[in-house]
Structure formats: structure tokens, C-alpha cells
Amino acid sequence: MADVLSVLRQYNIQKKEIVVKGDEVIFGEFSWPKNVKTNYVVWGTGKEGQPREYYTLDSILFLLNNVHLSHPVYVRRAATENIPVVRRPDRKDLLGYLNGEASTSASIDRSAPLEIGLQRSTQVKRAADEVLAEAKKPRIEDEECVRLDKERLAARLEGHKEGIVQTEQIRSLSEAMSVEKIAAIKAKIMAKKRSTIKTDLDDDITALKQRSFVDAEVDVTRDIVSRERVWRTRTTILQSTGKNFSKNIFAILQSVKAREEGRAPEQRPAPNAAPVDPTLRTKQPIPAAYNRYDQERFKGKEETEGFKIDTMGTYHGMTLKSVTEGASARKTQTPAAQPVPRPVSQARPPPNQKKGSRTPIIIIPAATTSLITMLNAKDLLQDLKFVPSDEKKKQGCQRENETLIQRRKDQMQPGGTAISVTVPYRVVDQPLKLMPQDWDRVVAVFVQGPAWQFKGWPWLLPDGSPVDIFAKIKAFHLKYDEVRLDPNVQKWDVTVLELSYHKRHLDRPVFLRFWETLDRYMVKHKSHLRF
């Protein structure tokens, strides 16, 4: 259900009638009390910890009815009628919204609780006196109409009396009609039956025609069905055709496994092998069925009890595989291993070997006293405007562990044309959670001043100095132009970015200089990253 302010705006724009009855304001089939609060915030409230106040429906409706008056006259008249006044800063904005000149207003609080209007019945009921007057009216009957009704009823009764069968008048059919006339009537009845009733013979003829039609179509449809292929997609392949879902899944897994493994190496024909006469090929022995008396084929050498041990051999310089395979395997020379082509799916890197990320990383201080924090990092680096962290907290922004900003820049094409592209940058304030391989992607760090900011970092000197860190990562320091520079920052290789307290139009050049400095550094030292 819409709020009362939106309903009032709709009625005001469409010039609909707003009915004020007692302490209620009626909008068609809905009504609200006069003192109901809207979601329009009173100017000057809701700041510095003060609770928000909202204009009532009565005060806004009184403003619409007296919009032609000047503000002082309107204030005096509202005070006379004891109605809250719409303040002067809100007057123009509120009237613009109610008249349809603006689609919304900054003073409208969408999170304010809505007052539900009462629904009124739209059925129009007659008054009790009208009902009584209607009941007291005498019913005038036309004598002519009554006479006609009586005549019509008498004629109907007379016709019914004539239609009564009298037994004295019943005669035999042979007495009333001749034999030829009776035969003619029977012939007509039979002809009518043949034309309206379908016999069993007709059913047999129709079924025979349909069967011949189906037989003629079988040959045509058989050829079509033989060339049909079932269309399989990611969705249909997961839909089981039977009650047992495992049959479909196992069949898919077997086909995927067979495709991944490819053909076995021994089944692949050697590409450079010379053609061999089929008559010279030795047939592979076919394993016979199990026979409990066929123990002789498991019998080996008597002296070694079938363990294929060469008593005249030596184990010097041999591997375990050559020992287990026996002497015959040691004597045969193993051919040089040919490179076996791998399937296309195996040529890809395994899933655990992911391709390294090329997204640059920017580290900012985790302290709340820093000018750049996780609350306003996107405003500073992406939108190029400075918004204090305290203001972001008042807006209800939540702090995140890391954020991804999209930097917009112009990139030159080979033809000399420039196109606008966006480049992602990862911003973090907890560098100790970075993986060892992530430090190669760290391109910039915002320095706050104290050296303990770099505790636990790589490349930190034993005395705690971050000089080597600044040799590998570009460092920046953000401060107000009226604040004195930190002594540690003066000693370090840090680019200082100064912001004005009040001149917000100077923020964009400062952050553009940050990106230009970072681009020059990345071209020289981090050219493998995406920027």
C-alpha cells in the first residue's frame, strides 16, 4: 500500500477531490486521520543526534489549500487554526514534489514507518426513509393485464383437455392404413436408420483404411527416426528418464572418464610401424575357463616352487621391478618410450594450478584516524572526490575487509583513437592476510606515519625501518594542506598528496596526480600486471 504522501501527491496532480470529514481525510476508498505523520522530514531535525520529526497530513494539506498566501500570512493563519507550519526551507521543495515538478525529494525518508490507511466501503446504501417510502407505495394493477392473463390460462387448460387420449377412439393400425402405406413408412424408417446410425461394417472399413495409412507411413518414418539425434543440453542431461537416477549419472561419468583417459597406449597403432603380414601374427592365447583339475599350468620350476627365481643370477644393480618380473623380463630390452599424445582435456592445467591473478593491490591504513579508510576508499580512488569517514558512518555504510574499485581511464588504440576502459584494483587494509604470492601484485601503499604500520611485512629491515619496502612498493601519504608533515614521512621516499579542508573542487586533480604517479611506477616496475 502506498504511503499517505504519495497518495496526496497523486490526488493533487490529477486534481481529484480530497474530502475532509471531521478528523479524517478521505482519498477515495482510503482514509487517514488528520494528525497522521508522513515520511517528509522537517528541516533542521535528525542532525547531531536529534530525533527526526515528520510533517503531519493536516499541515501539508493546509499548505496546499493556502499556497496562494505569502509565507508570513500563511504562518499567522496556521497559528490561528492551531496547525503545524511547513517551514520556509521545505516549502519550495515540498510544493515541487506535490505538484509533480520533481519525482522525489531528498527530505523523504523511505525508511520511516508507514501509517496504514483505513479502507472504506464503496457500496452506496439507500437511506432508511427511502426504503420505507418504497414499501408504502401502493401497487397499481392494470385490470386489462389481469383479464388477458386469465384468458391465456383458460386457453391453455382447454388445449390440454383436447389432447387427452380417449380409449373409445383407439383403432388398429391395419384398420386405419393400407398394407402398402405401412410398408412405405417402414422403408422410410430403415433408410433413416442407415443414414444416422453407423454399423459395425462401417467401423471395420474405417479401421482398415487407417491401418493401411499407418503401414504406408512406417517406411517413411523409419528412415526419419534412424537419422534422428536426441538434443542434449546441460539441463536435459541432468533429467533422468527412469526411476533410478544413478544409471544416468554413472553412464555420464563413464563416458567422461573414457574421453578424458583416451585410448590405452597399447591400443594406439604405432604411426611409424612397418606393415606386418597378417599370416605371421601370433594369435593371443584365449584364457580358458576355470578347471579345478587344471593345476599343471600353475606349476613353475621345481627347485623354486614356481616363484621364477633365477638361482644363477645376481641382484647387484637391479631394481625391485626387474626382480619381480623375472629373468626373462631383464633380458628383453625395453624400447625407447615414445611420447604419447595426450587428450585435449589433459593438456589443460589441473584445477589446483590456477592461473595467477594480474589485478594490482593497494594497501591502506587500518587506523580510523587515517584520511583514507575502507569506508571512503571507493569515493577517493574511483570517484576522485574526498568524503570523510565520519560522514560515511552517518550514512550507514558498512566497513568491508577488502573492496574492488573500477578505475576509469582512456586507452589509446593503434589507429590513434582513444576508448574508455575500466581497470580493477583490489584495496585492502590488512596486509598480513595476504598470501606470499600476492605481495608481487602490491603496487601502492598509503603511509600514515608511524613505523609500526609495517610490522610483519616482508622486506622490513631488522631495525624496523621500511626503507626497503618503499624501494619495492610505491608509497603515498594523504594529509590536509594545513597539517604539518609527519617527521617519518619526511625521511622516507613517499609521495605526499595534500587535500583542502573546504575546497572540494580541488580533490579531483590531487587523485589524478596519484594515478599518474602510480602508472609511471607500474610501467617501470610492474608491467606484467593489468593497468
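Every residue gets a Cβ built from N, Cα and C, even glycine.
Annotated by Swiss-Prot as motif 'Nuclear localization signal', the relevant range among 125-139, 200-214, 365-379, 455-469 is 125-139. Swiss-Prot marks one residue of Lys34, Lys283, Lys321, Lys409 with the annotation SUMO2 cross-link, and that residue is Lys321. Mapped onto three states, the DSSP output places Ala2 (N-acetylalanine) in coil. Within the same chain, the residues at least 6 positions away from Ala2 (N-acetylalanine) whose Cβ sits under 8 Å from its Cβ are Gln10, listed in sequence order.
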